[in-house]
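The structure appears right after this line, and notes come after that.
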Amino acid sequence: MACCGNCFCCQCCCREEETRTPEELTILGEIRDEEDEILPRKDYESLDYDRCINEPYVEILEGMDNKKTKKYEAVRWMMVFAIGVTVGLVGLFVDFFVHLFTKIKFSVVGDSVERCSDKGCLPLSLLELLAFNMSFVFIASVLVLIEPVAAGSGIPEIKSYLNGVKIPGIVRLRTFLCKAAGVLFSVAGGLFVGKEGPMIHSGAIVGAGLPQFQSITFKRIKFDFPYFRSDRDKRDFVSAGAAAGVAAAFGAPIGGTLFSLEEGSSFWNQALTWKVLFCSMSATFTLNFFRSGINFNKWGSFQLPGLLNFGEFKCPDGDKNCHLWTAVDLAFFVLMGVVGGLLGALFNCMNKGLAKYRIRHIHPKAKFMRVLESLLVAMVTTVVIFAASMLLGECRELSSPTTHNTTSTSGSEDINSTVRQFFCTNKTYNDMATLFFNPQEAAIHQLFHQDGTFSPVTLSVFFLLYFLLACWTYGVSIPSGLFVPSLLCGAAFGRLVANILKVKLGMAIYPGTFALIGAAAFLGGVVRMTISLTVILIESTNEITYGLPIMITLMIAKWTGDFFNKGIYDIHIQLRGVPLLEWETEVELDKLTASDIMETNLTYVYPHTRVQSLVSILRTTVYHAFPVVTENRQNERDFMKGNILVSNNIRFKKSSVVTRAGEQRRRCQSMKSYPSSELRNVCDEQSAVVEPAEEGEDLLQQMLERRHAPYPNLYPDQSPSEEWTMEERFRPLTFHGLILRSQLVNLLIRGVCYAENQSSATQPRLSYAEMTEDYPRYPDIHDLDLALLNPRMIVDVTPYMNPCPYTVSPNTRISQVFNLFRTMGLRHLPVVNAVGEIVGIITRHNLTHEFLVAKLRQHYITV
């Protein structure tokens, strides 16, 4: 079997009859065919959250006095406030048009149903409803075709971004426009989706783009604004924007802050907490101010804090026997939490199967197939809603208005104004039509606050239909949220439990409380959120006494669901192959050390490197950072003189010092124990022999033509030899720092180099503003005009490298490596041995759960 590349960087061709072990598949980053499990992909980039403390950055710090520092901080606070206000206005825009389109649709169709119920022309009413819904869904689906990242809720993508993974296009202006416009058509189109998830994504995009004062989509939007030109600042503003989205959606600024902390950010600091909370407050009160003024015509009153508000839970005046909940009810809440966790696990399992089917059979086909699927879902949903409302609804007595059931649904209507009387006489209402032929927020209010009973059959059918259709809809190529459908499913389940306890068993309970707990149980079983969701629900109900039952229910639902699968957002992150880092590693993984998981095949640069070498490295590799090293032959000779090396009064035995050559030899011996010949061939110490250059041939052109040949030594006049020993291939390298690919390309494009017969002091110097001018779209090496470069010129990279990155010892345990990498938001973690030599490097992919488990199995095999 022949190899398709060089000995260390290649992918080898394997015979069809050979099977691969899970460890091999994980190391190679492929898919387990027998389980159809998608493993983390290696092509996702990480964010550079760690500061690069190079000379241009130090010059900025030295020029910062107290006045400039305060000015910088004031600008940051202004940006946070602007983000919050903008997110509030976006929520106002979405809410206004959703209500407008929904009101027009339901008024036209409702009048048609009332008119046709006597004339027998109900099919005409169905056609009218189909025309509205399919038109709206078609527009939403076309917008997703323009920007595919706008599909779904966006929470998995934002969670991945805050975890440190850069997903292409996730925070672009075009994504924002398609998301904000698409979600209002999705919701108005009658699909079982919510607008709360897309609001979080929209808020994150506002946070990412507003402080940049430029747009990649619209090139003309570019202002000279020198602040916040780094991934670190951008990620902090994305955290604030996502929190503002939650605050605007639920009127829950504290819950939004906790959501950004719990679900998203891997790394946090105290100053960021205050800014995120301020941003959330700004969004909440901006939306509250305008909605209250528009709906009540009383500007300055704050009565509608969020897009979704559960209303006031209150017992009827004069009813002293009524209690929102009692200690006895807690037992039922625990049981409801268990059932909610089971239902959530079933929902996630079914949705995962549908998502896999779409990945295999729909996404590879023409794009219009996604539009057809969206239209099919819209058509089936519309027919089911219409048929269920007309055929399965029961006429229930309408309760007389009381103090606690006059809760506002849209700002000026009481709870009885949203009932539907299809085929029912006066003072009765069609309970199924009341739930289906209303906006989702109004349906939630009906379940929470309607005194009139919903029949058990209606609640059961409504729950079953909503469960199945919401599961089918989530993942379709439209902007769609999952919070409101989950709340509606859970509220119907809770109201059904309340009916059984109140009517069948005669218990004195408050039905709205059970509807709320059911909503919390199902939503918790689906998304598996605890702290932030508890606070969001408490703020939405404005009832602190619900804190304990909501918290207990959510914990029970999460624990129950976790027995079977992950939360819905984590499932979709996994399906995308995003290398997400969990909160901590398993205890068993501490049997591994940094040397077991690090990448030893390094591509490195010298402090002073020729232009031709840098061009070759950048064009023949895909790495985003390169260690800056010098060869240390003297250390090697001193080390080999005896068995003990004395350094800083610490004694190291020769056998305890990990070297690159020794580590690679150990790995090759371990790899050869695999049954598959594929990984054995990877470790064969052979490499392609590079033909010597013909006389007169341009050396740089020759190197560029030989793009796939290994070039580890970086000398312009040497090539790897197949006679090299392991020690020659992995020679000792003293570590001096890290330099990013973007920095090297920037240096080459700007001509930062010096001639061979000159001093490095003659090399042009770049400022920090020049180094970050092209952020976030740095130029690519293939954009470089080679005719403008002198290949013999030398680049001094030391002023621009990070001379003090975080490093670990080869013997550091995995839990320590993981905590350092995740907590500090690192992108690259060099592994440096006891004598200052770099022996490997650790990236995000080396710390994913799948990779660590595979390495642990490999460790057991070796032992």
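Even glycines carry a Cβ here, placed using N, Cα and C.
Per TrEMBL, the features are as follows:
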| type | residues | note |
| --- | --- | --- |
| TRANSMEM | 77-101 | transmembrane segment |
| TRANSMEM | 132-155 | transmembrane segment |
| TRANSMEM | 237-259 | transmembrane segment |
| TRANSMEM | 330-350 | transmembrane segment |
| TRANSMEM | 371-392 | transmembrane segment |
| TRANSMEM | 457-475 | transmembrane segment |
| TRANSMEM | 507-527 | transmembrane segment |
| DOMAIN | 801-861 | domain 'CBS' |
Selected stretch (most C-beta pairs under 8 A with the transmembrane segment (132-155)) from 237-259, 330-350, 371-392: 371-392
Long-range environment of the transmembrane segment (457-475) - Cβ separation under 8 angstroms, sequence gap at least 6: 152-153, 191-193, 343, 347, 350-351, 354-355, 358, 377, 380-381, 384, 388, 392-394, 431-432, 435-436, 482, 485-486, 488-489, 492-493, 495-496, 499, 568, 572
Top partner of the transmembrane segment (330-350) among 237-259, 371-392, 507-527 - counted as Cβ pairs under 8 Å: 507-527
Close approaches to the transmembrane segment (507-527) from elsewhere in its chain (Cβ under 8 angstroms; 6 or more beyond its ends): 310, 313, 315, 321-325, 329, 332-333, 336-337, 339-345, 347-348, 444, 447-449, 482-483, 486-499, 501, 533, 537, 541, 546, 549-550, 553-554, 556-558, 560-561, 567-569
Structural state census, the domain 'CBS' (801-861) (DSSP three-state): 27 helix, 13 strand, 21 coil
